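The domain 'Amino acid transporter transmembrane' annotation in TrEMBL covers 31-426. The feature transmembrane segment is assigned by TrEMBL to 34-53, 60-81, 110-133, 154-171, 177-198, 264-286, 306-328, 349-369, 375-396, 408-432.
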């Protein structure tokens with residue numbers, strides 16, 4: 001005879017569980033509209049990576065560059081659709097977090113081990129890179145607006161950028177940062193438009209070259225790998241997509257996937273309007289002489305480039321918050337559920353300030369922007385964006401062997417593994433080369 005746990009104990013547990021869920025950032029608010037999904041996805045996806053796309057094109061060349069860009073857009077839209085579908089595939093249950101979906105597919109322990117490390121690398125990696133980007137764009141803005149001022153170290157600009165997050169990080173959940181996210185989404189479209197329109201008005205440069213820049217075959221190959229990583233980094237929104245969908249209300253008659261998918265389509269149209277013109281126009285105008293951030297190649301008109309840099313700063317403020325929110329959720333879940341801390345404001349204050357301080361410190365220590373993009377892009381973005389959703393789909397739905405769904409998923413998996421293996425090699429080489437001339441906290 002198995003003894004049943006007393007009903008009172010069970011009620012107490014479920015009451016505590018409800019209290020914790022109402023406090024955690026991902027599950028505390030479920031009243032988002034479809035357009036929240038649109039601008040959260042734009043903010044998550046169109047990051048500073050878009051400004052590195054002309055440089056990625058210069059490393060890939062016209063043919064491979066256009067192919068990789070278009071293929072990535074199609075594949076990541078397909079895998080994003082899969083994730084939106086899988087959010088509520090078990091009736092009466094929602095997979096509010098990426099790792100919960102992984103645990104359903106691979107088992108409690110294995111699912112955590114597969115998904116959480118990759119998701120954390122992506123989210124913390126993005127936050128560090130955005131610390132650097134925010135600092136660099138602030139420095140560029142300062143140098144353009146005040147060209148006779150005394151130069152200020154990049155380190156200080158990263159600290160100024162971080163100071164905003166010591167305040168914004170205390171917004172409790174996704175819905176509370178929707179205003180910041182909307183501003184960020186508008187900015188991303190604005191600075192992308194400035195980047196390609198200012199390039200186009202400049203006209204093709206006199207000594208423009210489209211051949212590969214590296215003199216040796218090895219250099220060309222490594223640069224090609226690095227370019228693949230830059231493209232992978234640009235399509236990174238999948239890591240927060242289930243968490244965004246968790247904020248949308250859902251009933252059996254009107255599941256959340258309807259409004260979520262509507263938002264995703266709008267977001268992907270904006271992504272195409274940002275990515276393709278910036279990448280192709282930027283490369284066409286500057287050729288292989290383009291900087292790893294297109295705004296650095298555009299020196300004039302100074303006021304326009306200063307404005308674009310300020311737009312980048314506002315955008316990465318919103319993006320940082322979108323990527324930090326799931327990390328806050330993981331840290332707070334661990335402390336409250338596993339270590340039995342009380343869910344209090346003081347706990348949240350300490351956890352979030354600690355996280356912002358760590359990402360600021362790492363950003364100040366390692367600001368090799370281009371290399372970091374390629375390294376993180378291949379290492380963690382490719383799996384979570386290009387092929388992990390496909391593996392989960394195959395594991396759960398088991399589509400007919402050699403059918404359309406089976407082939408589509410395997411093509412994405414092969415393409416994603418190809419990106420994951422090759423791009424960190426190029427990125428690591430770039431970091432090693434740049435690190436030779438690098439002084440700490442310069």
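From the backbone N, Cα and C atoms, a Cβ is placed for every residue, glycine too.
Because TrEMBL annotations are produced automatically, they should be read as predictions rather than curated entries.
Contact count against the transmembrane segment (349-369) (Cβ pairs under 8 Å) is highest for 306-328, out of 60-81, 177-198, 306-328, 375-396, 408-432. Highest Cβ contact count with the transmembrane segment (154-171) among the listed stretches 177-198, 306-328, 375-396, 408-432 falls to 306-328 (criterion: pairs under 8 Å). Only pairs six or more apart in sequence are counted, and the transmembrane segment (306-328) with the transmembrane segment (60-81) gives fewer than three Cβ pairs under 8 Å, not enough to call it a contact.
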